[in-house]
There are 2 protein chains.
Amino acid sequence: MEHGVVIGLLGLGTVGSGVIQIVNEHQQELKHQVGCGITIGKVLVRDKDKYRESQIDQDQLTVYAEEVLNDPDIDVVIEVMGGVQQAREYILQALNNKKHVVTANKDLMALYGAELLKVAADNGCDLFYEASVAGGIPVIRGVSEGLSADRITQMMGIVNGTTNYILTKMEQDGRDYEEVLKEAQELGFAESDPTSDVEGLDAARKMAILATLGFSMNVDLEDVIVRGITTVTTEDMEYCKQLGYTLKLIGLAKRTEGRVELTVQPMLLPNSHPLAAVQDEYNAVYVYGEAVGETMFYGPGAGSLPTATAVVSDLVTVVKNLRLGVSGRTIHSPLHIKELKTDEEVDSKYFLRLQVRDETGTFDALTSLFAKEDVSFEKLLQWPLDEEEPVAEVVIITHTTNRAAYERIYKELENMDVVLDVKSSYRVEGGQV
Amino acid sequence: MEHGVVIGLLGLGTVGSGVIQIVNEHQQELKHQVGCGITIGKVLVRDKDKYRESQIDQDQLTVYAEEVLNDPDIDVVIEVMGGVQQAREYILQALNNKKHVVTANKDLMALYGAELLKVAADNGCDLFYEASVAGGIPVIRGVSEGLSADRITQMMGIVNGTTNYILTKMEQDGRDYEEVLKEAQELGFAESDPTSDVEGLDAARKMAILATLGFSMNVDLEDVIVRGITTVTTEDMEYCKQLGYTLKLIGLAKRTEGRVELTVQPMLLPNSHPLAAVQDEYNAVYVYGEAVGETMFYGPGAGSLPTATAVVSDLVTVVKNLRLGVSGRTIHSPLHIKELKTDEEVDSKYFLRLQVRDETGTFDALTSLFAKEDVSFEKLLQWPLDEEEPVAEVVIITHTTNRAAYERIYKELENMDVVLDVKSSYRVEGGQV
């Protein structure tokens, strides 16, 4: 290692070029920290011609993965190509060739994290993935090391910048979802196919990674119940505001006595909650530990240099471990067996917006329904809608109830004569207003 | 180490008893992480009788430091006794006896951090101090590892819970400093002698520790220019609110081209700044890195269990390093030589509140003074005070200027005929409103 550590890059997109930039520009600081130079060896790209003007020499580029994965000079492979199956194969090959790996790939880690970490440990290799969750925010480190002494019982994340940007603009400007989405696409904050973001899938992947780590149990992506933001309306937001809440797409992971719940969905948070102030494309992860109480990690969730910062900070740890001779020794198998909560065990408050017949008996019917399920109202608003028919809008925030009871209520509401429409329904989290 | 790792405790106050509680209650999780048991050996206290009812056996208690520091069975010494000289001697002795050390002592680390870290490295021992800054928030780790790839150019900290509590209550309730301080003392949020908190000394110590780490240069406590909150008035707060700002006690560490500025003082932050939402006794550290941009670490700055969480997370790292055989290898001497900014190099905006004669020529005199120093106004409010004399109150927010020019202006204002009183003056940080 006297020649320093050589890294191979898989992919040279936004994050990859950020990594090269940081490694080149911060040579002095990096060397000071790890005690040796770090140089870029080979870089896998799809099309060499695309990078004629880039900061990397043409002869470092290759279109053959083997030239990176089998190069004996390369000590560390950085995977920033994205995608799942191909990336998985490459990383497995790298690990089996005793190369340490840093990845920014949330899709991959959410689906195959357990497998890859095991292969890494078996090969005495490091595998780090700080950049896979919340870009530049060192939250993986915060959870796995900073709070290592604590028992984490809850994590709430704004872990998708696109949806937070959309919801922020809807709330601030009173503009509707479609319009803001279009603007976000034009500004580059949303993909031309925004499905993975707006349907909550991207956030679900990050929450699966966080929960696996924070709860020390193998959480699968399919354990996360997911609902996106496409049906959120400006009316909903207006009511939230009136009641002292903000509507955010929240990834929630809760643990009670060893049983866990995982979901991504739009939720109401009281304005006093630390996450409520997280605006625009910023990300934040709120972590509740039995001993530490409330903590939050805030920062940019994406972007070339922020994400590359996380990749290179992992690289620093890899190189330190390499030089100390302790690579691969810090990977743990989970302590706990996963047990998911049942619908009866998932506790929450709910926000519910209905349109009802504005006539005698309506309220009685509603209150009987809720009383039957032993669910009481924390807040209630009702006023007439400006329509020809006698129609009233009713907004309810319930006290804490379990999901099973709430879903029975919801189903009955849809079938009740006096209820013309169930306009919207969201969970309410984050304590009292 | 087959018998597990044995720790010795110096001090059994709030934090010490929290450490014992976490080590006892989280045995399973800790063992899973470090691969061996962790047990409490000896605990140094002043008076054994005081702890008859505590969770620790009487025969583990000792009033002789040597019984902890010289005990060959003890691998790690945790210093939670506070104070400076005695604690320094004990830690030096522990390190020279090849015992690893975890400390929560900000006073000590701010004054003797460089010395202690050198002695630790010379002895091949670890010395960690996460709990010394911002209690339960893993910000030392965030700065030293999570952002290790980046070049940090600015840190702003709300790192004193007492003063943040006082300022929050003053702002929310419009109550004055003395009244809120008294309440804070009754509630246990402020000491009976609050000097170290309210004069900004406690925050200065934490900023010296953070800056040393984040800028990789040996910052001394006396480099921090300190001003407390004792002269902050509810009028000031009211004007801040009108102008879209919040007044907070901010520890600021700024680096521009290798030259640094360090100060703790009440500052105006725009309400949109992430730190502006940090309420009550909570702490937060905002870190700006060239690559990552804005990040923030938020959480409890004090308290038995939160602080103990940070101590035990350090302990986990110590024990991991011990088992991996790499103790003391991660301590670095600073990369850069400290160079402080001159008054001409310290740039800031300023908030200034004056009472002036409400007569022709006043404004002309004011504007000439500012123009002479090439300082322009970003915001300006003026209105008559309800007094017998014709007196007006003027509130100015300047554009960015250097401290030297501002201080010349300030001095002249105090001597101007048309200026009856300079009521208050604060820096304005954190970008545009």
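Each residue, glycine too, has its Cβ placed from N, Cα and C.
Record features, source TrEMBL:
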- B:Lys206: active site, proton donor (ACT_SITE)
- B:Leu10, B:Gly11, B:Leu12, B:Gly13, B:Thr14, B:Val15, B:Gly16, B:Ser17: NADP(+) binding site (BINDING)
- B:Lys106: NADPH binding site (BINDING)
- B:Glu191: L-homoserine binding site (BINDING)
- B:351-427: domain 'ACT' (DOMAIN)
- Item | Between B:Gly11 (NADP(+) binding site) and B:Lys106 (NADPH binding site), the C-alpha gap once rounded to whole angstrom | 15
- What are the other residues, in sequence order, whose C-beta lies within 8 angstroms of the center of the C-beta atoms of B:Leu10, B:Gly11, B:Leu12, B:Gly13, B:Thr14, B:Val15, B:Gly16, B:Ser17 at the NADP(+) site? B:Leu9, B:Gly18, B:Val19, B:Val80, B:Met81
- Which whole-number value in Å describes the distance between the Cα atoms of the residue listed as 'active site, proton donor' and B:Lys106 (NADPH binding site)? 6
- Task: Please report the number of other Cβ atoms within 10 Å of the Cβ of B:Val15 (NADP(+) binding site).
- Result: 28
- What DSSP gives for B:Leu12 (NADP(+) binding site), in three states, is coil
- Same-chain residues at least 6 positions away from B:Ser17 (NADP(+) binding site) with a Cβ under 8 Å from its Cβ, in sequence order, are B:Ser54, B:Gln55, B:Ser304
- Within the domain 'ACT' (B:351-427) only, compute the mean pLDDT. 93
- Query: Given B:Val15 (NADP(+) binding site) and B:Lys106 (NADPH binding site), what distance in Å do their CA atoms have, once rounded to a whole number?
  - Reply: 13
- Report the same-chain neighbours of B:Leu10 (NADP(+) binding site): residues 6+ apart in sequence with Cβ closer than 8 Å to its Cβ, ordered by sequence. B:Leu44, B:Ala65, B:Val68, B:Val77, B:Ile78, B:Glu79, B:Val80, B:Met81, B:Ala87, B:Tyr90
- Message: I'd like the number of other C-beta atoms within 10 A of the C-beta of B:Leu12 (NADP(+) binding site), please.
- Response: 22
- In angstrom units, rounded to an integer, how far apart are the Cα atoms of B:Gly13 (NADP(+) binding site) and B:Glu191 (L-homoserine binding site)? 15
